[in-house]
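Here's the structure we're looking at; comments come further down.
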Amino acid sequence: ALLCALLWAAAALAAAGGGPGGSPEPGAFGRVYRGAVNISAERVYAFAYSSEPGQVDAVRVYVNSNSENLQYPVLFVVRQQKGVLSWQVPLIFRGLYQRTYNYQEVSRTLCPSEPTPETGPSDQIIFVDVASMAPFNIAYELLVTRLKNFQLETNKAFNFTASPSQPQYFLYKFPQDVDSVIIKVVSDAVYPCSVVSVQDIVCPVYDLDHNVEFNGVYQSMTKQAAITVQRKDFPGEQFFVVFVIKPEDYACGGSVPSSIHGNVNRTWNLQRTKNLQVTIVPSIKKSVYVQAMFFSFLSFLSFYLGSVVVAFVHYIRVQRKASAGRLSPEDGSGIMTSSHPITASTPEGSSYGAIDESSSSGGRQLSSPEHGPPAGSDTDSSVEEESDFDTMPEIESDKNVIRTKVFLYLSDLSRKDRRIVSKKYKIYFWNIITIAVFYALPVIQLVITYQTVVNVTGNQDICYYNFLCAHPLGVLSAFNNILSNVGHMLLGFLFLLIVLRRDILHRRAMEMKDVYTLDYGIPKHFGLFYAMGIALMMEGVLSACYHVCPNYSNFQFDTSFMYMIAGLCMLKLYQTRHPDINASAYSAYASFAVVICLAVLGVVFGKNDMWFWVIFSVIHVLASLALSTQIYYVGRFKIDGPDSDLGIFRRAAMVLYTDCIQQCSRPMYMDRMVLLIVGNLVNWSFAIFGLVFRPRDFASYILGIFICNLLLYLAFYIIMKLRSSEKLLPIPLFCIVATAVVWAAALYFFFQTLSSWEETPAESREKNRPCILLGFFDDHDVWHFLSAAALFFSFLVLLTLDDDLDAVRRNKIPVF
């Protein structure tokens, strides 16, 4: 048996042109060789060439076989000096559901030989073995060529064609003065789906669909791709750029095969070719990073300088008026500056229905100076709680009498002890700090893990960057998207300082007066303002965390505090003239938590599930109606009645009859009714729009609902303020104009979509655009800058809007 085996091997070698004492058939580059092989006949070709000193030579092997017999493929083995490359024809690719795709034409680029430092040319030799285990002849074609354009040049476009069985890769060397480059790849066709990979100069090169992800950095592509490569990541200062065409398009958003049946062994030779163009351009230099950092910080530190200038001018003006002995209460500080408040003139009879605070027998008497701490004291005694007032039957009755009047004034809704109410609103501040800490820590840990996975695996499909403007720094892949969020943190901190200054000035003013008889202007409660400042800072922190690796799994990091900011602004606007009946911090944050849960559910289930949109629309409409009822009746609407269950329905029917049918021509509270009708129409329109169109970006849809309601309420508030003969001082007027202008510019850049995690990574990259500011920041970074400024001005509007009322008694300030 051993002798027979040796004789069989000798015969096979002799038939192939080689064997003991024989030599392979010499081959010539550029010549097509045709032949046939079987189990007893194989062929060996030898291709020799010389390499010039310092030159990298690449060889490409093209093979073809007309056989579709998968049981007896033709085997090709290429032997080089330092490696072996082999494949079979038909070449089989596997797709989803184990579908197979066969290719009879295959071409591969051999791993190039390293450049030799010798002074003379070096000789290289390549052996190509062709064999098959088929008991019959199988024809084949072989063509070996030397590549002329194997090395890519900087700033020079190169066009080529690739297919699943004919991948391409090229060499690039860093020029001496370039530390970072961007590989830009474009194609006119969306499909077939392709993969762009950057690999170190190591053999073998992974250039097939099943192994291209084994080494280097890679990303999928339809019409556009971009990879930033740094010199420090490649010790040899050179790398391969590999282009692979996938056998299926589902990874790029194409159609997904329905099953494993049908066309399982179909041949796809020339049906999935793709024309590509690659251009390698230098990236930005280190000096641009420094300029971008200076620009980011100086731009927002200028707001600090402006605030200092305004505060200094205000201080000089107050000092001059003090020296002249004519202090004005309307000096824009938001506090009373005169020793005796001046009652603003109002039309006679405008205080109809108001209760004089000096003679009120309500809760004010319970906290007279004789029974309470000294004026200006803000102790944290746990004994003094709001429930001390609300649980008394006479106070409850007094509330029902006061709050159901046709004409309400601020004195009617600011009857509780200032210290108690102030501590109630401080809970907003302390709660949001607690929420921020517990929310931010796991977020930071998660995004660090994401960034580590991207850096270790090289899979750039994990994160949805704008790859045409993604500038890495250290371990961060897109430092520019993180740096642009510094505005939220700096301006949030500045707003806290402004609020703290007002708080200190207000406390000093209270120490000089009888706090319980000084009932002028809007009650100063700063807890919500502090919470808004913290929320603005946290929006910057969490937006930066989101942009470390933006994707489907962490989208809520970027939107959670946006919801809270919008909600806190609405609460603050309502609290201004309803200080006694605003929502508690616990119920407000619980409501925000529900909204965030709905946002997550909407992203997960809202794309195709009609049932979710039906449930959400019903919840949206019912919540709007419930909130409208509370606002219309100033929190005094109650469904009560006899002990029987029918009493609830009887009470509801009576309210509907008296307020909606009997007085339909003239509602009892006309202004509130107009606001609530418009507000409900807007919210119902949102609900219908969502139910009909089912927008894919559910998080932005929810945010749009919040923003529209906030803008509607703010517009109503300003209109009613002007209608009540109140005026806008220069500072709030400037802030309103600045807010409108900056928001308009910010929203323009917001809608310049540069990526979308709702699509596949390859589809998202089609939206990528180059940088537009300093060669470092893209459209979304500009949105970060402008939105931070817009939010800051919006907060200032709420802070200064009612400074003109500091000299007006509260029983002259209408409630709306």
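Placed from the backbone N, Cα and C atoms, the Cβ positions cover glycine too.
Lifted from TrEMBL, the feature list:
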| type | residues | note |
| --- | --- | --- |
| SIGNAL | 1-18 | signal peptide |
| TRANSMEM | 292-316 | transmembrane segment |
| REGION | 326-390 | region 'Disordered' |
| COMPBIAS | 358-368 | compositional bias 'Low complexity' |
| TRANSMEM | 428-448 | transmembrane segment |
| TRANSMEM | 482-500 | transmembrane segment |
| TRANSMEM | 528-549 | transmembrane segment |
| TRANSMEM | 555-574 | transmembrane segment |
| TRANSMEM | 586-605 | transmembrane segment |
| TRANSMEM | 611-634 | transmembrane segment |
| TRANSMEM | 673-692 | transmembrane segment |
| TRANSMEM | 698-719 | transmembrane segment |
| TRANSMEM | 731-751 | transmembrane segment |
| TRANSMEM | 782-801 | transmembrane segment |
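Sequence-distant residue pairs (6 or more apart) of the transmembrane segment (292-316) and the transmembrane segment (482-500) include at least 3 whose Cβ atoms are under 8 Å, placing the two stretches in contact. If you look at the transmembrane segment (555-574), the same-chain residues 6 or more away from its ends with a CB under 8 A from one of its CBs are 428, 432, 439, 443, 447, 528-529, 531-532, 535-536, 538-539, 542-543, 545-547, 582-583, 588-589, 591-592, 595-596, 599-600, 603, 631, 699-700, 702-703, 706-707, 709-710, 713-714, 717, 757, 791, 794-795, 798. By the Cβ criterion (distance under 8 Å, sequence gap of 6 or more), the transmembrane segment (586-605) is not counted as touching the transmembrane segment (731-751), fewer than 3 such pairs being found. Long-range contacts of the transmembrane segment (698-719) within the same chain, counting only residues at least 6 positions beyond its ends with a Cβ under 8 Å from a Cβ of the stretch, are 555-556, 559, 562-563, 566-567, 569-570, 573-574, 576, 595, 598-599, 602-603, 606, 620, 675, 678-679, 682-683, 686, 690, 728, 736, 797, 801, 816. Residues 292-293, 296-297, 299-301, 303-304, 307, 476, 526, 529-530, 532-541, 543-544, 547-548, 777, 780-782, 784-785, 787-789, 791-792, 795-796, 799 of the same chain lie 6+ residues outside the transmembrane segment (482-500) yet bring a C-beta within less than 8 angstroms of a C-beta in it. Sequence-distant contacts of the transmembrane segment (673-692), counting only residues of its own chain at least 6 positions beyond either end whose CB sits under 8 Å from a CB of the stretch, comprise 613-614, 616-617, 620-621, 624-625, 628, 631-632, 667, 701, 704-705, 708-709, 712-713, 716. Counting only same-chain residues 6+ beyond the ends of the transmembrane segment (528-549), those with a CB under 8 A from a CB of the stretch are 425-426, 428-429, 431-433, 436, 439-440, 443-444, 447-448, 450-451, 454, 462-463, 476-478, 481-482, 485-489, 491-493, 495-496, 499, 555, 557-558, 560-562, 564-565, 568-569, 571-572, 575, 784, 788, 791-792, 795, 798-799.
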